[in-house]
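Asker: Structure provided below as structure tokens; questions to follow.
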């Protein structure tokens, strides 16, 4: 594939082979991430004389298929972006007038969003590399739109699929790959290129490639700022100073003087005289013009010449001619002639470039002078006291005359410029005529020399060997010239071949992508038509049911009502089946059998429970679609990741608020991994690379006391999740590996029931090693010591802290529980131990985990209180302990609105200081330790008394008693 050197394939193991691979290669590191497409390019920007190429740092974002550009690699916010998904590319062919051996142009065009952006690479090879890489990225992104399911809840952003077990679901394609022939043709048309030093992340450490116009842009910008500052002094109401003047420096010593009041009076008098003979002096402009352009012999050195002179001195410092006035010419003699010729050629090119820049600057000066003339003249005619008392028609006539004068002046200047250009063209043509005459003379001499050689050969035939032509003969010149022309034509031919290959590949790709887009549109139309038909069918059935409900009910005759209800129930309990995926668009289902996390949405056994679960799933779907219509959260995440394209993620209030609102499904793997790495960086720095593989190898070689309990709990972890439902599931093997590795890392805990559920949730979005470090984060960083030990000391302490917080934040509900003697910590104990796994619906569970992995265990207290506050009124209506306790066992599954729950957790419960939780933990820790010590003493006394009791005897059988 083109540009394969810049991309690395993602590795990833799955199933049982992953464990064996990790065991066989304990030193193997994690899979390498694909290399980013980034580097320096020059972008054509600006307007007018300031238009030119500016060096920019470009970074490709595969999530949105955007090509962002920055001023430098260190910038956090991009200057803009190009949408590559709907872009097409082109570049110009070789220049036929170019000299043979010269470097062809390396600029190309990106046509996107109705605009054309011109980019320039340092050389032709890098231009080809960028074009093929951008083509490849566009191809992968657009084809990935076909590789995901149409349900938006199961469709991560193309190019940014999550990792972990949920990533495996994205490989279930609705369509087979439709572009096999197009892919084969693309490979044939591809041109192998190798990235240079200015591509890739290593290019950020190198200086940006410069271009000769950089100093001119800077000088023009500075010059424009000075002009703007000088113009700001032209405000009415200020006193006139005759010595004040505005000077424009060009290559000629022109000076722009402000008009004095005397000049204005003279101009008004002259205009009044011209009113009598308006046609008399139509072409005369000098007498009435309020500005004086004159030579200023006393002016010092001009700033523009200083800039150009310093630029020449910097670039011609190696010129030997600048050293030779002292009489020692040894330096220039020692230099080779080729080097001297190259220097002279480069200086000539710089001189031509400077001449072009000088002409553009002169044009800018002319436009600015004309603008200043017009503005100042209008100012004096509108605000000057000299115009007081002058009739209105006279002033209008003066304005008309002034406009005529300005127009004639502009026309005169334009004609002058045209005259200069024509004169320059005449001079160029004369020089070309001279060159052609020289070539004609040389050809005549060559023909004459050939005639002489032919005559000599004919005269001396048979008398001896033919005379050889000297190498310096004029006949060699046409041969060399023909050879150069042949080389140039060969270069052009090769360039046209490459361009033809590229354009053919571009046309092929655009045609294939267009066909894919048309097919997606047809499928979506079919899906929406089917949904509309199903909606009409359901509405019809409900209208029939409502009509039947109006009729009197007969106890003996069931009537058609029961049949309609039975049919509606049967239709409602249907779920999406994966046996016939080709009919997914023909018969769409609103609720699938599994959600995006792999949890079963509808149970298999109880029909009544199935109906309740189906209603809950439909409510969740409705909430999700409603939230999706408000795209503010998704847009905020996209904007945040756009600002981090050029830098690493960092903790900030903005990121905290985004995570609290919930991480989108397509970004959760990336953000979770970043959170885990941030909390475990100190552990990883103190361990050898491949720490997880080493522990896993040890667990496979040696027997661990915890391994038996781990095996017993594997299938009991998340039986309602398809990734852990059977022994052959991929998640079971990964879960075993992580738990065994952790049991060897932390022998004090080994294994505790509850750790398996923590790892199972982490594995849904993380790979094995990252899930291992996630467990380390929870057990060794977030939770207090002895949280998962045999005594569960830390867990018991947190329940007492939570009881204190309940009495403070929810006093009515706490008093209600105390009144009916309901110990709600029996319910909340499991919430804290496994961080709400199997306690809330999956959408809310993962939003809780988002904040938990970023902020720590304080989030558990927030959400536990928020769950009770969410249903506070319903709980207060219950008036007996049995109904309260029964409601507490399932009420969390009835909470579906994650946005409301998050608002309660991080809004209504504030303030929520972490220091308060730490102080109460320390207070209750001593009390619980004292109670456990007393219980242990009582237990030891009981065992001691039982062992030393004289009444203790050996048990005998009934037969022995009979005998």
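Quick reminder: no glycine exception, Cβ is built from N, Cα and C everywhere.
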Asker: From the ranges 1-30, 31-60, grab the one Swiss-Prot calls region 'Disordered'.
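Answerer: Feature region 'Disordered' in Swiss-Prot: residues 1-30.
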Asker: Can you tell which of 316, 326, 957 Swiss-Prot marks as phosphoserine?
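Answerer: Of the listed residues, Swiss-Prot records phosphoserine for 957.
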Asker: Looking at 72, 473, which is the one Swiss-Prot tags with phosphoserine?
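Answerer: When Swiss-Prot is consulted, phosphoserine appears for 473.
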Asker: According to Swiss-Prot, which residue among 317, 321 is annotated as phosphoserine?
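Answerer: Of the listed residues, Swiss-Prot records phosphoserine for 317.
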Asker: On the 0 to 100 scale, where does the mean pLDDT of the coiled coil (337-535) fall?
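Answerer: For the coiled coil (337-535), the model's average pLDDT rounds to 79.
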